[in-house]
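Record features (TrEMBL):
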- 2-118: domain 'PLAT' (DOMAIN)
- Gly17: Ca(2+) 1 binding site (BINDING)
- Asp39: Ca(2+) 2 binding site (BINDING)
- Trp103: site 'Essential for stabilizing binding to COTL1' (SITE)
- 119-669: domain 'Lipoxygenase' (DOMAIN)
- His367, His372, His546, Ile669: Fe cation binding site (BINDING)
Amino acid sequence: MAEYKLAVTTGSMKYAGTMDHIYATLIGTEGQSERTELDKIGFDFLTDSTRTYTIKPKSSLGNLLLLQLEKDPFLFLPENQWFCSKIVVTAPEGELLFPCYRWISRGELVELRGGKGSKKSFEDVHPMLIEHREKDIMTRKNLYKWVGICAACLHNSFVYIMQKMSLNSYFGFTFCRPALLFKLSFYMYIFKVILVISNLKPKSVLAYQRMVKNSVSSLSEYVAEHWKDDDFFGYQFLNGTNPTGIKKCSKLPSNFPVTDEMVKPFLAAGCSLKKEIKKGNIFICDNKIMDKIPTRMYGEEPLQMPASMCLLYLNPENKLMPIAIQLNQQPSEQNPIFLPSDSEPDWLLAKIFVKSAHALEFESVDHLLGTHFMAEIFTVAALRNFHPVHPLYKLLIPHFEYTLHINTLSRINLFGPEGILNNSTLGYEGTKELVRRGFAQITYSSLCLPDNIAARGLESIPNYYYRDDGLKLWNIINSYMNKMMEHFYPSDADVSKDAELQGWIQEVFTHGFLGNKHSGIPSDFTNVKDLVKFLTMVIFTVTAQHAALNNGQFDYLAWVLNGSLLLRKPPPTTKGQSILETILETAPNIGETVKFATLFLILSEKYSDMVLLGAYPDERFDGPEPKQIIQEFQAELSCLSEAIQTRNAELEIPYTYLNPTQIENSITI
């Protein structure tokens, strides 16, 4: 009689265990075992535990192919799902790993593939495995369905139909970061208490400053102290919440008639605007995406969001300084060019409108669309096309964990008609339009950091820590992908004939990017090199890029005047009419400020269960080569982290967002 020992591991997360009956069936090339209950004396399947069970079929099953799991009720207890991490089977032929890493409900028949290594579809030869693989892919395509071309839809599903089994089974029992909802209500309460105790009223800038100083971020205090400084204003375009919003100005736009006479006092002695443009020292932030964008009503009047333009100068001290601002795209007498030599209220108000447009574009286009929605495209296409034994499924799925969950919650609580961001200048309809415009501008090159930096002409601008750290991370991830793909795809022919890989990229192109060839997104892969670059972009987007755009929101935006999502008054049309009171009337009121600050605090929070970039708690690869490659990846990330910490120790404003110890392995918040 053959004997098979099953070491069954239950997950370590809360509620992973179960009291229900668990049954297993082994299927091999020479037969299958009886349906056997996994039961021993004492409690089985406790959270974060491994217990070993024995199955004794009458004869050898040959080479093991599949392991079936079923879960039946225990007495009259209510349903409690079970998270099975993995099962290691010790058979007469050797030890086999059966990765699971999913929740299992009553009545489900879960079939797990075992065996050494990972297999692409064309590498399966046994008829039973081929049939199982095709059946699994079909099941996935029925669970995750593209719902048409709805790229800018925020409230309804963006790319998929969420079904209970599709999210719960493959990703989690319920998505709730530890204490997330508690923290949301707790921080809202704390902010309100601060306001009540301090009896804050928006009569002076000190009211806002006192609120920020009661916060938890030392950098937010720095922002509150320095937000009016021109050099700090310029610095944020390089290392603030949105470090991708400026480009080198090789030619002054015709609709931005800045003259030498206007800006000469702010340039180095003997310099002219033309000369500085030629030297590559002039940069521009052009918020033309806001031109004629819909806004919401505020009381009985519509709000206004001008499509501002800001010219910046890299001075001899290597500081990026604003030297001219025009608040609308079309020059006119009612659209003056504001200068640092204008009155302090005029210049501050102009900068406030620039930063507001910048913040709105960052939140909706760069952050939401450029990371969350891009990740969703890659995730849904992967779930529909890759079998769990495919090497790219094993490689990518840890970087997609909880992304669909957080996007679903975001559509309701943040970007939906009743969400917090409905309180912004644009409101719900304006935000949708902004996302639609942003989607039309996204290209493959814009998602690839080296190409993006080069296209904006920022290869050599000093003190650009986002670029410096980001390019190092890009290269580390690229090296990691290159080693992995060389291992799994020895030749370009292996790439071309991988049907699941081709199905994935075809759906990314067709459904995610609407078949737009001008986007540059590939519709197929013919060689390993192109595959490596695309995978590098995917992993960089859902890890490093999201961290760079997400983690500093409270640091820089809690101080409402530094980048407000709402401005209550229209932009100035003449100079000399603004006073300090004008600025305070333009900024959000206290209640609106509390809502935004609470949002930024929640989004910037570090959670105890976060999985860092390069950490893979789930054992999906069982071969020595992939494990060694992962270890090398982790070592390179550790070295980069040490280098960043050493550099930051010398900086007045440390740039921490791309330190690998601050980057999460997937988009979960």
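Yeah, the Cβs are placed from backbone N, Cα and C, and that goes for glycine too.
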Those residues of the chain, 6+ apart, with a Cβ under 8 Å from that of His367 (Fe cation binding site): Asn242, His546, Leu549, Asn550
Pairwise CA distance, His372 (Fe cation binding site) versus the residue listed as 'Ca(2+) 1 binding site', rounded so that it is a whole Å: 31
Model confidence over the domain 'Lipoxygenase' (119-669) (mean pLDDT, whole number): 88
Listed in sequence order, residues with CB under 8 A of the residue listed as 'Ca(2+) 2 binding site' and six or more positions away: His21, Tyr53
Proximal but sequence-remote residues of the same chain as Gly17 (Ca(2+) 1 binding site) (Cβ under 8 Å, at least 6 apart): Thr10, Phe45, Leu46, Thr47, Ser49, Trp82
Helix-strand-coil residue split for the domain 'PLAT' (2-118), DSSP-based: 0 helix, 60 strand, 57 coil
Trp103 (site 'Essential for stabilizing binding to COTL1') CB neighbourhood, other CB atoms within 10 A: 25
Count of other CB atoms lying within 10 Å of the CB belonging to His372 (Fe cation binding site): 22
Alpha-carbon spacing, Trp103 (site 'Essential for stabilizing binding to COTL1') to Ile669 (Fe cation binding site), which is rounded to whole Å: 21
His367, His372, His546, Ile669 excluded, remaining Cβ within 8 Å of their centroid (Fe cation): Leu368, Thr371, Ala375, Ile406, Leu549, Asn550, Leu603, Ile667
Those binding-site residues listed as His546, Ile669, and which of them has the most Cβ atoms within 10 Å of its own Cβ: His546
